[in-house]
Amino acid sequence: MVALFKSSLGRPEQHQTPQIRISPASSNVEHSEKQPRRDFRVKKYVAPGFSQLNWSKLVASGQNLSGVEKPIPVTKEELAKHKTKEDCWIAIRGKVYNVSAYLPYHPAGQKRILDYAGRDATVIFMKFHAWVNEEALLKTSFVGFLV
């Protein structure tokens, strides 16, 4: 059986991989070579020590990152006051989170969150992170309910 795979010189034969070409006419795939695809989900590099694993460890530590002792009712007016890098609150599905500590951990960069600081970010969050459990991700950052 080994002889089948050896050439007359005793070396393994070099096999050529056949080149298969699919013409656009025989394919249902549309090609858009003229315009490059704009990918809004571009990941940025985070600083060492600020990976999602590091964030998970911080959350698991139980440290209160919300800035409040216990959950409070938050009005839209109060939410709007917290829109800086040092004091960044967002609302997702009726819950308000202080995401100031999370900013350097966000894979797409801080600006993506800061663009929605002080506002209800449910729609944009669901557009890009529908599969993410924000309650678990931000449980130690929970400020209260949006009223």
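In case you wondered, yes, glycine gets a Cβ from its N, Cα and C as well.
Sequence-distant contacts of His129 (heme binding site), defined as residues of its own chain at least six apart whose C-beta falls under 8 angstroms from its C-beta, are absent. Reduced to three states, the DSSP call for His129 (heme binding site) is helix. Look at Swiss-Prot and you will find His106, His129 tagged as heme binding site.
The annotation compositional bias 'Polar residues' is assigned in Swiss-Prot to 15-29.
Within the model, the domain 'Cytochrome b5 heme-binding' (71-147) carries an average pLDDT of 96. Taken from Swiss-Prot, the feature domain 'Cytochrome b5 heme-binding' covers 71-147.
Among the features that Swiss-Prot reports, region 'Disordered' is placed at 1-37.
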- Item | Counts by DSSP class (helix H/G/I, strand E/B, coil) across the domain 'Cytochrome b5 heme-binding' (71-147) | 28 helix, 17 strand, 32 coil
- Message: At a 10 Å cut-off from the C-beta of His106 (heme binding site), count the other C-beta atoms across all protein chains.
- Response: 19
